[in-house]
There are 2 protein chains.
Amino acid sequence: MKKYHVAVVGATGAVGQRILQQLTKRNFPIETITFLASKRSAGKEIQFSGQTYVIKEAVPEAFDGVDFAFFSAGGSVSKALAPEAAARGAIVIDNTSAFRMDPEVPLVVPEVNRHDLKQHNGIIANPNCSTIQMVCVLEPLRKAFGLKKVIVSTYQAVSGAGAIAIDELKKQSNHFENRSDISADILPVRSGEKHYPIAFNAIPQIDVFTDNGYTYEEMKMINETKKIMHMPELKVAATCVRLPVVAGHSESVYVETESEGVTIEQIRNILTEAEGVTVMDRPEDAVYPMPLFAEGEDDVFVGRIRHDIDDPSNLHLWIVADNLLKGAALNSIQIAEAIIEDGIR
Amino acid sequence: MKKYHVAVVGATGAVGQRILQQLTKRNFPIETITFLASKRSAGKEIQFSGQTYVIKEAVPEAFDGVDFAFFSAGGSVSKALAPEAAARGAIVIDNTSAFRMDPEVPLVVPEVNRHDLKQHNGIIANPNCSTIQMVCVLEPLRKAFGLKKVIVSTYQAVSGAGAIAIDELKKQSNHFENRSDISADILPVRSGEKHYPIAFNAIPQIDVFTDNGYTYEEMKMINETKKIMHMPELKVAATCVRLPVVAGHSESVYVETESEGVTIEQIRNILTEAEGVTVMDRPEDAVYPMPLFAEGEDDVFVGRIRHDIDDPSNLHLWIVADNLLKGAALNSIQIAEAIIEDGIR
């Protein structure tokens, strides 16, 4: 079996760490691995598969000879270096939002639009975490009976804001009694002027606001869903909310479908057969997905499947997945695996 | 000014305690106050306005001479005793779900359907917490331009499940590191077979499931909204989720309206003028409602007001209120105040 030279840019971050775990767990065919970071982090040591590696500075020449470059070091790093890596023959799998809406860059969830990988020009974008888990469930429904509109409200974990946000929730959680006076430095947006406690709270802002009153996170869900599913006509409405949950994004999804007379049992069967999806939907036994139990799991979990009482062709779904795994690291590795399997590299 | 004989049934519970606070804070015209409970709690002492009272057993005769009886001791107590109290001339304001959908019983949020109080037969029902805060915002929108459909996903606090649920969240919050092994005894439903941790989690079940796959909490939001707003034709779809938040329910509400060409500024103005509603909606300054800061506040807060990008007559709203105050105790007292002001008693 052919083996590859893999580069990881941003290996010490929350997503980067999960990428290393997944490379090992999934036995990715690595011949050589190179760890790259900004000048500031270059020279530091990192452990991988029982060996110690020295992190090198991410300069364009560092990508010479690299087959797969996984980027998760922020949008500006990707913007500067991903084209350089691609020009040197690497296939970049980028976890940032830098290239997601670039018409020349495939935005891929292998279970949904694996075929788009063939059109790559050296860069493949990994979608936003909250988008990935949703489209994994929407795609089999689209295939079965068509979709018209999606209205989603999210319940997102702090791990999506990095290891520092996890630390902040940990500290704040010890202040149950004086919770309204908890100090905060990270959320909703680290570089912003105002910070709010996340412990014992819900913050209806993820990422910064755009001019239309939506946050970037909401616009990502709207735009990326249409691109991945090749449905520019699909209506998507989104509200994104951060919760005091460590890992695991949850989504209350309302779907207007073209179905008529489809039973809940048929929908459960369609989703049970869908790749990467696990149905957890036995309300009579209090069985449904929850983020606390999705942490560390590969699959996207779906439950609370119901018809709208007034409009029976519309459905309610409750979708949960580990945002750092299927929402980020795992999907990136699956993209690389698909490229190998399909002979694209 | 006339003063009244007030009875409080269930004064030691989470809602009962807030009822006592509100009676004092709002200077309710009390001549006599009587505290009633089950045989088990009778004989215990309770403090009110600097005085000590002995709790009496809630037997039918205990309501003789009572003007206003506030019930918050569970549905079975209300079912058994509210008609007895009403038969003895008391006006019962019931915080349980026992009589909410009874066509003979007004279900009242004073800002919305105060006029319904005139039709009372001795019992007035206080709606479900998550319903009250939503209709306070929906009603001014209905008046201004009509409503067709409401799709709501809730983010509900543990205080809605009583003081024991608050204690459970408090204990569990100290177990950040071993969070997937946290023991749980209360949620989602205390009397149920399975219990899940709420700390660092989101539980998509509030109250037990009905046969149609919806929970009672979801069905309450659907049915009570139509009754309070006198809109049997209004479509309501609901998903109710419990969060690790102490107090303050939040709601992501999507509304299909009859409006055309209404600006967000006009909607903010309509809601700013609405009684009991505070608009907190300056996304550019990261200003929006959050449950941590709604705790202890009287008003219903609304923000994140946006048009749907694809369907501009539809709106997104983020609605937050203290579920034990406007969602329960405060609304009950406001019902009694309206009865007095309107000369109904």
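Cβ coordinates come from backbone N, Cα and C, glycine included.
What TrEMBL says about this protein:
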- B:CYS129: active site, acyl-thioester intermediate (ACT_SITE)
- B:HIS249: active site, proton acceptor (ACT_SITE)
- B:THR12, B:GLY13, B:ALA14, B:VAL15, B:ARG40, B:SER41, B:SER159, B:GLY160, B:ASN323: NADP(+) binding site (BINDING)
- B:ARG100: phosphate binding site (BINDING)
- B:GLN156, B:ARG242: substrate binding site (BINDING)
- B:5-120: domain 'Semialdehyde dehydrogenase NAD-binding' (DOMAIN)
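Confidence across the domain 'Semialdehyde dehydrogenase NAD-binding' (B:5-120), taken as the mean pLDDT and rounded to a whole number, stands at 96. A count of other CB atoms within 10 A of each Cβ picks out B:ARG100 as the most crowded of the binding-site residues B:ARG40, B:ARG100.
Sorting the recorded positions B:ARG242, B:HIS249 by the number of other Cβ atoms within 10 Å puts B:HIS249 first. Most other Cβ atoms within 10 A: among the binding-site residues B:THR12, B:GLN156, B:SER159, B:ASN323, that distinction falls to B:ASN323. All protein chains considered, the CB of B:CYS129 (active site, acyl-thioester intermediate) has 28 other CB atoms within 10 Å. Break the domain 'Semialdehyde dehydrogenase NAD-binding' (B:5-120) down by DSSP state and the numbers are 39 helix, 32 strand, 45 coil. Annotation for B:ALA14 (NADP(+) binding site): spatial neighbours B:SER159, B:GLY162, B:ALA163, B:ILE166, B:LEU324, criterion Cβ-Cβ under 8 Å with sequence separation of six or more. If you take the CA of B:ASN323 (NADP(+) binding site) and look 10 A around it, the recorded positions you hit from B:ARG100, B:CYS129, B:GLN156, B:ARG242, B:HIS249 are B:CYS129, B:GLN156, B:HIS249. According to its DSSP assignment, B:CYS129 (active site, acyl-thioester intermediate) is helical. Put simply, the two farthest-apart Cα atoms among B:THR12, B:GLY13, B:ALA14, B:VAL15, B:ARG40, B:SER41, B:SER159, B:GLY160, B:ASN323, the recorded binders of NADP(+), are 27 Å from each other. In three-state terms derived from DSSP, the residue listed as 'active site, proton acceptor' belongs to an extended strand segment. Mapped onto three states, the DSSP output places B:ARG242 (substrate binding site) in strand. For the recorded positions B:THR12, B:ARG100, B:CYS129, B:GLN156, B:ARG242, a Cα-Cα cutoff of 10 angstroms around the residue listed as 'active site, proton acceptor' retains B:CYS129, B:GLN156, B:ARG242.
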